[in-house]
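Here's the structure we're looking at; comments come further down.
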Amino acid sequence: MSEDDAEAIEFEDGRSGSETDADASGGETADAADRSADAGTRDEVDADAEPTLADRVADLDAEGAAELAEAVAELEERVAELEAKTDEQAAEIEDLTDRLKRKQADFQNYKQRAKRKQESIKERAAEDLIERILPVRDNLQRALEQEEGADIRPGVESTLEEFDRVLEDENVEPIEPDPGTEVDPTRHQVMLRVDSDQPAGTIAEVFQPGYELGESVIREAQVTVSDEE
């Protein structure tokens, strides 16, 4: 082909050689853009389709951190409540301890007052008993001061009766068991075993009377007991 023919073809095409090269380059650029767009579309589809392992780990870390923070907050709140209760209980214990100490002191004071009162009552009772016994002694003294040869028996008998009245007024009862009575070790003291007409092992005679106040034995009666045959 001649140069004229080539130029003719170029003119018929309406495009120069540089334009043709540009078209080829533009086609390659378009292809690259299409490939890039396709890759982006695939990435978007992959991202929408399923989260990656890293995403799942991040989500788990976030959830765990939130749960841990919530648990810590609950524990802190619980600790604060317990501390408040502990302070309240400590104050209550201190108050109860103080009240107990005061009650103990009051009780000790009461015991001391009761003891002093009891001692005072005993002292007054003893004084009253002595005051009532002294006249009995005076009468015995006067009986002994009578002239020799005088019969003092009536005076002594009168004094003894007066003394018995004093004991009776104090609710003191004599212990004088009858012969033949069974021996009571809590009220009778056996002094001797003697021959007697009473059944063996029973009281034969009262050697010295005893005395009791209510259910309390002041002095046991001294007795003799009939011996075994």
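Don't overthink the numbers, they just go from 1 along the chain as shown.
A Cβ is built for glycine as well, from the same backbone N, Cα and C atoms used for every other residue.
TrEMBL: automatically predicted annotations, no manual curation.
Under the heading compositional bias 'Acidic residues', TrEMBL lists 1-11 (among others).
Annotation comment: TrEMBL describes 1-61 (among others) as region 'Disordered'.
Residues or ranges marked as compositional bias 'Basic and acidic residues' by TrEMBL: 32-44.
Residues or ranges marked as coiled coil by TrEMBL: 65-120. When pLDDT is averaged over the coiled coil (65-120), the result is 87.
If you look up TrEMBL, you'll see 168-187 (among others) marked as region 'Disordered'.
As annotated by TrEMBL, compositional bias 'Acidic residues' applies to 169-181 (among others). Same-chain residues lying 6+ beyond the ends of the compositional bias 'Acidic residues' (169-181) with a Cβ under 8 Å from its Cβ atoms: 129, 132, 187-188, 196, 198-199, 202-206, 209-214, 217-221, 223.
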Residue distribution over DSSP helix, strand and coil in the region 'Disordered' (168-187): 2 helix, 5 strand, 13 coil
